[in-house]
Amino acid sequence: MTQLSAAQTPQAKPSDGSKALYGGKGTRRITVRDIALAKERGEKWPMLTAYDAMTASVFDEAGIPVMLVGDSAGNCHLGYETTVPVTLDEMTMLSAAVVRGTSRALIVGDLPFGSYQEGPVQALRSATRLVKEAGVGAVKLEGGERSHDQIRLLVESGIPVMAHIGLTPQSVNAMGYRVQGRGEEAAQQLLRDAKAVQDAGAFAVVLELVPAELAAEVTRVLHIPTVGIGAGPETDAQVLVWTDMMGLTGGRVPKFVKQYADLRRAMGDAAKAFADDVVGGTFPLDEHSVH
Ligand SMILES: Nc1nc(=O)c2c([nH]1)NC[C@@H]1CN(c3ccc(C(=O)N[C@@H](CCC(=O)O)C(=O)O)cc3)CN21
Ligand SMILES: CC(C)C(=O)C(=O)O
Ligand SMILES: [Mg+2]
């Protein structure tokens, strides 16, 4: 096979490689300004969740440019059924750990259910904790038109906001986990939500579980980047829950997930090998002992 030239690769990188969010050479921390420039260049980028310093440091070294301390920590890290019970104290603690474990990635802290729904002032008080106590570079909150005023006050106050529309899991008790934006009326609502969060000043918007064609249209219409999860291939960025894509989540994972590793098996096998060694007297050996 002949080598593809840079111009022929699906995603042409800047020739010096210094600007790309992924694969670029920069070592300083990525900002929301860098995210905006990536959309101008037509560059796609990856985002993963992270909930602890150790995992976040692995992804930082791998070059993942944006990490979300998702409230999916509720079901993926803290043992709750859903994201609904997660508290702002918990999100602050987890976000601080992810910031400490990274030096390049932009860290986005998810505002948990109940920490911004009362209104813009509550949203600002909650977001300020994530910025001051955890050190995140941006926050995320759910809702389109309904969250416009919260987004606006945060942005005016100097806190970059990633919006999140389509399936909004904090509303599971009202809407379930269903595809959003199917049918003309729902599609129009999603477009209104997308424009509302852009108008309010969001620097990016997550589109969760919406038809690929509609996500593509939103991506064309907006000047801020779209971050898809179960939203097809045309969004500017893609996000997955890290424990899902590495095969660590216990139980069912959404069907939009691609599995890139089987850590549940790898970790289970390692735990059993250790246990067998201990029970069988083959660990520790002399090389693991002090005299
Ligand atoms: N482990 C995990 N992965 C996630 O992606 C995730 C979380 N947890 N928690 C927070 C939200 C909730 N999310 C969810 C939860 C359920 C479905 C789900 O059941 N989807 C169905 C399709 C439903 C339909 O077709 O209408 C599926 O089979 O994928 C999807 C996203 C995404 N987020
Ligand atoms: C699924 C992503 C977008 C999220 O909000 C989370 O992980 O909490
Ligand atoms: Mg979330």
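Using N, Cα and C of the backbone, Cβ positions are placed for all residues, glycine too.
Model, not experiment: these values are computed from the prediction.
Taken from TrEMBL, the feature compositional bias 'Polar residues' covers 1-12. Residues or ranges marked as region 'Disordered' by TrEMBL: 1-24. Taken from TrEMBL, the feature Mg(2+) binding site covers Asp71, Asp110, Glu142. For Asp71, Ser72, Asp110, Lys140, the entry in TrEMBL reads 3-methyl-2-oxobutanoate binding site. Residues or ranges marked as active site, proton acceptor in TrEMBL: Glu208.
Distribution of TrEMBL features across the structure.
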residue: Asp71; record: Mg(2+) binding site; Cβ contacts under 8 Å, 6 or more apart: Thr83, Val86, Met91, Asp110, Leu111, Pro112, Phe113, Pro169, Gln170
residue: Ser72; record: 3-methyl-2-oxobutanoate binding site; Cβ contacts under 8 Å, 6 or more apart: Thr49, Thr83, Asp110, Pro169, Val241
residue: Lys140; record: 3-methyl-2-oxobutanoate binding site; Cβ contacts under 8 Å, 6 or more apart: Leu68, Val108, Gly109, Asp110, Leu111, Val161, Met162, Ala163, His164, Val206
residue: Glu142; record: Mg(2+) binding site; Cβ contacts under 8 Å, 6 or more apart: His164, Ile165, Thr168, Pro169, Gln170, Ser171
residue: Glu208; record: active site, proton acceptor; Cβ contacts under 8 Å, 6 or more apart: His164, Ile165, Gly166, Leu167, Thr168, Pro169, Gln180, Ile229, Gly230, Ala231
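Residues Asp71, Ser72, Asp110, Lys140 make up the record's 3-methyl-2-oxobutanoate site, and a Cβ search at 8 Å around their centroid adds Thr49, Leu68, Val69, Gly70, Ala73, Thr83, Val86, Met91, Gly109, Leu111, Pro112, His164 from the same chain. Taking a Cβ cut-off of under 6 Å from any atom of ligand 3, the binding-site residues Asp71, Asp110, Glu142 reduce to Asp71, Asp110. Listed binding-site residues: Asp71, Ser72, Asp110, Lys140, Glu142. Those with a CB atom under 6 Å from ligand 1: Ser72. Proximity of the binding-site residues (Ser72, Asp110, Glu142) to ligand 2: a Cβ under 6 Å from the molecule is found for Ser72, Asp110.
Within 10 Å of the C-beta atom of Asp110 (Mg(2+) binding site) sit 29 other C-beta atoms, taking all shown protein chains into account.
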